[in-house]
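Per Swiss-Prot, the features are:
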type    : residues                               : note
BINDING : G83, S84, P85, G86, T87, G88, K89, T90 : ATP binding site
Amino acid sequence: MNVITETEYKEENINENTLVNIQEEYKKTKIQEVLNQLDKELIGLTPVKNRIKEIAALLLIDKLRIKLNLPQANPGLHMSFTGSPGTGKTTVATKMADILYLLGYIRKGHLLTVTRDDLVGQYIGHTAPKTKEVLKRAMGGVLFIDEAYYLYKPDNERDYGSEAIEILLQVMENQRNDLVVILAGYKDKMERFYQSNPGLSSRITNHVDFPDYTAEELLEIGIMMLEEQQYQLTEEGKKVLLEYIKRRMTQPHFANARSIRNAIDRARMRQANRIFNSSNRVLTKKDLVTIEAEDILKSSLFMDK
């Protein structure tokens, strides 16, 4: 049996006994570095991380098949990310763009995030130029369309979203070797969107569902957010923040990690106000970096109870 090195992938060197060191090939792609970053940046989401690893493994194997002159399945790369706001969809999309670039499936590796407003015009003849300009900027990378279902408004005959969808469909089919599209949004709304637009559904081969975070995971996220800004939460503060999270999860417009970031920002503001009002004493570094339980307890969520 002969082991093929990187410079020896020539047809005359390949036979059914050719060996490929998959770990060596995997290491050369540097994909593991991206996956490690994903683990570091996102708490939990194990099903999502496993799905991304599966997609990466399939793409790597397809690349090796090409090198060994085996038929390529021509994997569909367009994706659907479904889940509530604040569950890490944009972060994962960024890492997915990195993986696709490292494996050579896209030229540039950039991620362009857009919504309906970036694609759909307000009058006749306005939508096509807007959509085409966005697609031009996205070429060679990944186009991430958040809340994609807002492109389709069947109850409004004068809506131009369908025009944007038609242009998008053409590009997803005809230029799929130079652009990957990720459609994202709430799961139930995305399912209805696909039912109403079977052309889009047929072009999406990778579906990734993002579960909501647990209260404990959101506490970890909150602590991590504070540590990134060089703040510390007291032990009592951690207990209060967990209680805040449990209450906030039952309130309207809860957005997972996004809501926690907002809560952290407000706690920092209350901490600053508390410190300012006690400015008749000399402050220490510990004073400046410590978030106390009272900085969270002053939230209206506790005042109403």
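Glycine too: its Cβ is placed from the backbone N, Cα and C atoms.
Features as recorded by Swiss-Prot, highlighted on the structure.
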residue: G83; record: ATP binding site; contacts (Cβ under 8 Å, 6+ apart): K89, Y186, K187, D209, F210, P211, D212
residue: S84; record: ATP binding site; contacts (Cβ under 8 Å, 6+ apart): Y186, F210, D212, F254, A255, N256
residue: P85; record: ATP binding site; contacts (Cβ under 8 Å, 6+ apart): A255, N256, R258
residue: G86; record: ATP binding site; contacts (Cβ under 8 Å, 6+ apart): A255, N256, A257, R258, S259, I260
residue: T87; record: ATP binding site; contacts (Cβ under 8 Å, 6+ apart): L45, F210, P211, D212, Y213, N256, A257
residue: G88; record: ATP binding site; contacts (Cβ under 8 Å, 6+ apart): L42, L45, V48, F210, A257
residue: T90; record: ATP binding site; contacts (Cβ under 8 Å, 6+ apart): T113, F144, D146, A184
Excluding G83, S84, P85, G86, T87, G88, K89, T90, which residues of the same chain place their Cβ within 8 Å of the centroid of the Cβ atoms of the recorded ATP site?
F210, A255, N256, A257, R258
In the three-state scheme derived from DSSP, which category covers G83 (ATP binding site)?
strand
